[in-house]
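Novice: In case it helps, TrEMBL gives these features for our protein:
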BINDING   A:211, A:267, A:268, A:269, A:270, A:271, A:272, A:273, A:274, A:288  FAD binding site
DOMAIN    A:3-188  domain 'Electron transfer flavoprotein alpha/beta-subunit N-terminal'
């Protein structure tokens, strides 16, 4: 019984979080001595489909149906559940992306499967006991959850599993599936995707600003640093509440939880709600003029200083580093 | 008349320091204040706005034991019309979704809202599971919700952008920041909440598929390494050679 992984695409292209999910699913398949089948839905180039083999997929089911060109979670969940049945898969893996969150629970119900959302490590499978570690309490803790159902659905937190490549091209097969009308009640009217900005949940580096930046007019420094580092921009709750930045940038307990390789916090004091959202970051840098700011207690590197003096120097230093690299 | 159901959770206050007892198998509730889940507050606020002025009603539903009544009364004080509590421990998202779906099958609604996730288990699962159990559309994380007759326009969050959807009612949606500003109950609301109907329903039998075995808190970080404010180039050097993140 192979592992099935859903290979999500954005506008026809696979994302890094997809390669992470495929690599993660491959490790599970290896641990259970079985193969890995990937399923792609939508309009993805044949070469990109075959290239999923690079990350461990042996077979790729391609669902190229005009009605399924754009993501509708109800219909996609039906297709993925059908593929799981057709393949006899007992473990279904997907990314815990925004779309993944719409899919996993529906797939779980269809397959009468337990769902482990937001996994941060490989599952442990011993003596028929399937357990997996996931985030809980909005990043303040982790929970180890046992799935007791015959079929299991696991969604992987982006940036928490390394992409493993080096495999050969996968065999691509068309997967035909009957769709039912009632799965298409939700109609997409518009998709807005900014191509030039790094998406916050996927970002490997995040540059985040707080009230210490004093006003939205000062975000140019944050944006310049982010652009130099190929980073996404983020902010604290008071900043998005004040309307300086959009809610989609709010990192914290009631905003978005991120797990980048590098989180740079500028002018953020580090309230417990904010720290919850960044605790999974691999390296944290804090720049704050208040040496007693709680954020320094959970930081790896810090600069005690005024953001308006430090940032221009830091930007210059990054430029110099990039010029020499 | 639009009938809206808002699913609410009783969660630890956002300032709670999370600790565990019994060999890290139980969440330590000692001294913890429980609140209405912040994302559910957004759902409730939007439901009240959409039904304001006699355009409909807002029922809140919670799967929980008697201790959650205080949070349910808060939702009534904010402006819900009535409340239902399914008298059971919320074992996991599947259990909660199943109980609510059973209730909705007997008592239909035009629109079902949940918060995008609860801030304790963060599963974002109840909305999707409810949609599947009721065979209606579900949208997991929405930033905007407007109604026009029996059709809604919602904005769904996607990585680096948004998607605008048109969905006929009934459907389920998980609300996030942007949908509405949470409402604070006024004195009249608080007084009125005491007499609003809160119906307690016994749960349906259902098998569950997951068990939390243990908890842990993130590993503490080492001592912060401070870099002189006048020399950020040193920070860049450390991030490159020591942390290896750039």
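Note: Cβ is positioned from N, Cα and C throughout, glycine not excepted.
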Novice: Same chain only, sequence gap of 6 or more: which residues have a CB within under 8 Å of the CB of residue A:268 (FAD binding site)?
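Specialist: Spatial neighbours, sequence-distant, of residue A:268 (FAD binding site): A:208, A:209, A:210, A:211, A:212, A:236, A:274, A:286, A:288, A:293, A:295.
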Novice: Could you tell me which of the binding-site residues A:211, A:268, A:270, A:272, A:274 sit with their CB under 8 A from some CB of chain B, listed in sequence order (or 'none')?
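Specialist: Filtering A:211, A:268, A:270, A:272, A:274 for a Cβ under 8 Å from chain B leaves A:272.
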Novice: Max Cα distance spanning A:211, A:267, A:268, A:269, A:270, A:271, A:272, A:273, A:274, A:288 (FAD binders), Å?
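Specialist: Looking at A:211, A:267, A:268, A:269, A:270, A:271, A:272, A:273, A:274, A:288 as a set, their Cα atoms extend up to 18 Å apart.
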Novice: I'd like to know which of the binding-site residues A:211, A:274 has the most other Cβ atoms within 10 Å of its Cβ.
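Specialist: By the 10 Å Cβ neighbour count, A:274 comes out on top.
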Novice: Can you give me the average pLDDT across the domain 'Electron transfer flavoprotein alpha/beta-subunit N-terminal' (A:3-188), rounded to a whole number?
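Specialist: Averaged over the domain 'Electron transfer flavoprotein alpha/beta-subunit N-terminal' (A:3-188), per-residue pLDDT gives 96.
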Novice: Can you tell me how many other Cβ atoms are located within 10 Å of the Cβ belonging to residue A:272 (FAD binding site)?
Specialist: 15
Novice: Give me the long-range Cβ neighbours of residue A:270 (FAD binding site): same chain, 6+ apart, Cβ under 8 Å, in sequence order.
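Specialist: Result: A:286, A:293, A:294, A:295, A:296, A:297, A:298.
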